[in-house]
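Here is what TrEMBL says about this protein:
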- 34-51: transmembrane segment (TRANSMEM)
- 71-89: transmembrane segment (TRANSMEM)
- 96-115: transmembrane segment (TRANSMEM)
- 121-141: transmembrane segment (TRANSMEM)
- 197-217: transmembrane segment (TRANSMEM)
- 253-274: transmembrane segment (TRANSMEM)
- 280-300: transmembrane segment (TRANSMEM)
- 312-337: transmembrane segment (TRANSMEM)
- 349-377: transmembrane segment (TRANSMEM)
- 415-434: transmembrane segment (TRANSMEM)
Amino acid sequence: MASMDNNRDEEEPFVAAAASVDNSETLRNHTKDVHILSSAFLLIFLAYGAAQNLETTLNTKDDMGTISLGILYVSFTFFSLIASSVVRFMGSKNAVLLGTSGYWLFIAANLKPTWYTMVPASLYLGFAASIIWVGQGTYLTSTARSQARDYHLHEGTVIGNFNGEFWGMFASHQFVGNLISLAILRNGTEGSTTGTTLLFTVFLCSMTLGTILVCFLSKRVDGGEEGPKDSSVSLYSSLTSLSKSVITPLLDVRMLLIIPLIAYSGLQQAFVWAEFTEKIATPALGVSGVGGSMAVYGAFDTICSLTAGRLTSGIFSITWIVSAGLFLQAVVFLWILLKYSLTSGVLGIVYPLLMAAMLGIGDGVINTQLSALLGILFKHDTEGAFAQLKVWQSASIAVVFFINPYISLQVMVEIMLAALFVAAGGFLVLSLRIEKAFSSPS
């Protein structure tokens with residue numbers, strides 16, 4: 001049997017080569033969709049990401065910016081519970097398209113930030129974000145599986161490569177978006193109406209282009225996506241499956257072991273958006289310098305997302321890549337906790353930028369590998385798995401934004417370290433269980 005498997009593995013490149021001759025158009029279609037999806041998310045999130053980084057420094061009256069983001073992620077958490085059913089009913093492409101509207105409205109609300117504009121926009125964005133991200137995960141995994149099936153490629157490798165491209169492009173939103181912020185606000189206009197109005201107008205134009213790009217995605221009918229339904233029976237079936245979609249993944253030991261890492265991935269993102277920008281970058285670099293530090297964060301995030309995606313081939317590689325990312329972030333947290341203090345001169349500028357780079361490396365690694373891991377382990381319930389990803393991520397992000405005004409940086413870092421060690425422990429146990437299962441004689 002082993003000999004037969006080896007022969008088959010040796011023949012696969014020739015089979016793939018033959019398939020590429022006969023089905024080159026299909027190959028272009030699969031990769032084209034990955035390019036379009038990645039580019040659309042870059043255009044949308046370069047605007048949203050930069051705006052989110054500035055929320056806690058621009059909308060400071062009564063902590064409106066921080067509280068608005070907290071409301072957003074509570075809403076995100078709640079709607080993520082039903083997002084898988086919505087995506088199944090609408091189809092992943094339509095879910096992504098509808099999801100873009102929430103980000104557009106949130107940026108528009110920042111043109112006139114009041115409680116009456118920010119709170120409704122934040123609540124709606126929570127719904128939009130839940131379906132856009134479940135839709136994105138489902139769509140990208142479906143595309144990767146189609147590529148692997150059509151050309152007889154290793155599925156885990158294709159999923160890793162496609163996630164590497166997507167998350168690499170996505171991570172670059174921090175670099176591009178924050179450079180735009182830095183360019184527009186660098187002349188001391190961060191507090192002026194003219195500067196912020198121009199900035200958010202540019203962001204709205206970028207989002208509009210991203211939404212138009214989504215319209216050019218191909219509809220996918222495999223990987224669990226069924227497309228939009230017209231009959232009431234289909235809607236009823238979709239709604240009655242809600243409890244199953246929410247509860248069933250939690251009965252899987254593999255998901256329970258991944259959840260601490262998912263929650264940590266949200267915590268470390270929120271730490272950068274709320275704590276790092278406000279309590280480290282702003283005192284050292286100023287408000288306009290926040291854009292520069294986050295551009296460094298985004299650049300390293302992008303490079304590591306692309307690299308990690310290319311290195312992904314299965315559970316073994318994912319384990320080592322995630323462990324390296326967690327180690328780097330642990331170094332940053334220990335540095336802040338034990339050694340870091342605000343200094344003047346060149347070092348006062350270099351230290352926050354170096355921290356941003358290390359945090360960006362960790363974020364790029366974790367995001368890419370989590371998506372690949374869920375795509376590999378949960379083939380039969382892709383929507384449910386990615387819904388769980390967003391439930392726990394958004395809940396942990398909401399916690400950070402709500403407690404941010406009431407705790408010190410030191411306490412927050414201690415929480416981050418505790419969460420990191422729990423996440424690492426759960427993930428290593430999962431890796432050992434999977435390795436044992438594969439090594440056990442069948």
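Placed from the backbone N, Cα and C atoms, the Cβ positions cover glycine too.
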Check the transmembrane segment (415-434) against the transmembrane segment (312-337) for contact, please; criterion is three or more CB pairs under 8 Å, pairs 6 or more apart in sequence.
yes
Under 8 Å between C-beta atoms and at least six residues away from its ends: which parts of the chain pack against the transmembrane segment (121-141)?
33-34, 37, 41, 68-69, 71-80, 82-84, 86-87, 90, 92-96, 98-103, 105-106, 108-109, 159, 162-163, 166, 217, 220, 223-225, 371, 374-375, 382-383, 385-387, 389-390, 394
Closest-packing stretch to the transmembrane segment (96-115), where packing means Cβ pairs under 8 Å, from 34-51, 253-274, 280-300, 312-337, 349-377:
34-51
How about the transmembrane segment (349-377) and the transmembrane segment (253-274): at least 3 CB pairs under 8 Å, pairs 6 or more apart in sequence, or not?
yes
Using a Cβ cut-off of under 8 Å, list the residues of the same chain at least 6 residues beyond the transmembrane segment (312-337) that approach it.
154, 156-157, 159-161, 163-164, 261, 268, 280, 304, 355, 358-359, 361-366, 368-369, 372-373, 376, 409-410, 413-414, 416-417, 420, 423-424, 427-428, 431, 434-435
